[in-house]
Amino acid sequence: MSTMTPAEIVSELDKHIIGQGRAKKAVAVALRNRWRRQQVEDPLRQEITPKNILMIGPTGVGKTEIARRLAKLADAPFIKIEATKFTEVGYVGRDVDSIVRDLIEISVKQTRETEMRKVRTKAEDQAEDRILDILLPSARPVGFGASSSAADTVDESSTTRQTFRKRLREGLLDDKEIELDVEQPQVGMDIMGPPGMEDMTEQIRSMFANIGGGKKTRRKLKVKEALKVLTDEEAGKMLNDEEVKTKAVQNVEQNGIVFLDEIDKIASRNEAGGGEVSRQGVQRDLLPLVEGTTINTKYGMVKTDHILFIASGAFHLAKPSDLIPELQGRFPIRVELDSLSVNDFESILVSTDASLVKQYQALLATEDVHLEFADDGIRRLAEIAYSVNEKTENIGARRLYTVIEKLLEEVSFAAGNHSGRTVQIDAAYVDRALNEVAEDEDLSRYVL
């Protein structure tokens with residue numbers, strides 16, 4: 001679990017996302033409250049439930065990016081899903097319980113990787129020993145008089161082994177091919193099952209996965225690849241699968257985060273008809289999950305009482321009040337994200353850690369083409385992106401991708417001809433490349 005303070009979390013998010021201070025603060029406090037709850041004594045700890053968040057804002061302003069970056073900072077099981085993927089129980093499609101099943105799978109993988117890191121050093125030593133056994137078959141003296149020289153043979157063998165171990169660690173044997181016996185990976189089998197029968201389907205899938213497991217096969221690999229395969233195999237042997245499952249379930253129950261995107265698409269609109277029953281059904285199915293229930297998974301029963309839910313939606317056609325009242329009450333913290341201004345676009349282009357300008361400079365530098373963006377060029381790019389958003393469909397920061405891609409189309413295509421050159425991107429260059437398209441509304445609708 002992350003022990004970062006809210007200010008530190010916001011500072012990390014600021015490196016990748018421009019503006020949206022209220023949303024950043026809300027998720028930072030929610031994440032910190034997970035840690036605070038763990039410090040509270042047990043009887044009261046069980047009563048403290050997370051305060052779920054509803055993020056409201058147009059597309060492309062950073063809702064999903066905040067969730068994605070939060071996942072990396074949280075060091076906790078995290079899943080992002082679209083609410084539109086789910087249908088009411090009884091309809092064809094996925095039911096909402098599969099959210100928890102997917103989350104526990106992520107947690108098991110995460111926990112397994114964490115536990116494997118703890119034993120990796122020991123596993124690497126054992127993998128080295130297995131490779132050295134193949135490279136240096138033990139010389140056992142046989143016949144009359146063998147015992148008299150046995151000690152000398154062992155000493156010589158030990159010295160040779162240490163020499164080879166040193167060369168192995170220095171990477172001098174990486175390209176040497178060896179034959180070795182490795183365990184066959186378990187082959188997964190995709191089985192389709194009727195709605196509501198996910199547990200049975202999962203059991204059948206597990207049964208087929210175990211068939212043939214544990215068998216060894218002889219493979220020819222380079223030493224470098226063999227070392228990785230054997231290290232993973234040895235680390236896997238050291239793990240206690242039951243312990244991994246128990247820790248994974250506990251991690252989901254105490255630290256799990258679910259990001260529900262496009263929640264506005266399952267909101268019921270009074271004037272609409274048709275699919276309203278199914279939409280309301282999905283909302284009602286979500287209720288117990290968000291409030292706290294117990295879901296049966298192949299790893300055991302999982303309680304959702306302390307899982308944090310973050311929902312987001314543009315709410316262009318529907319309003320948050322169109323959600324059923326019970327579900328509205330499960331998301332007490334609401335934050336509105338602002339539409340992006342020209343200044344925001346300018347900051348997105350240059351101020352973030354992995355800004356678009358830095359990305360394109362790095363890409364073209366691989367072909368010895370150097371891009372230099374002047375301040376007036378950056379400003380003009382931001383103005384054009386903002387203008388196209390206003391005239392056509394507002395897709396937020398994603399508009400910058402289409403604008404800058406169109407701007408650098410010719411340079412990227414003929415990069416080989418520009419090798420060793422520096423391309424200056426100023427306002428005049430931007431106008432030459434984009435002005436005609438940006439000013440023609442019909443063209444910009446299709447090109448930008």
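The count begins at 1 with the first shown residue.
Cβ coordinates come from backbone N, Cα and C, glycine included.
The structure displayed is predicted, hence computed values, not measured ones.
Swiss-Prot annotations:
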type	residues	note
BINDING	I18, G60, V61, G62, K63, T64, E65, D261, E326, R398	ATP binding site
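For the binding-site residues E65, E326, the greatest number of Cβ atoms within 10 Å around a candidate Cβ is found at E65. Look at the Cβ of each of the binding-site residues I18, V61 and count the other Cβ atoms within 10 Å; the largest number goes with V61.
Under 8 Å, Cβ to Cβ, and six or more positions away along its own chain, K63 (ATP binding site) finds A23, M55, G57, D261, S312, L337.
The DSSP secondary structure for V61 (ATP binding site) is coil. Here ATP is bound by I18, G60, V61, G62, K63, T64, E65, D261, E326, R398 per the record. The longest Cα to Cα distance in that group is 34 Å.
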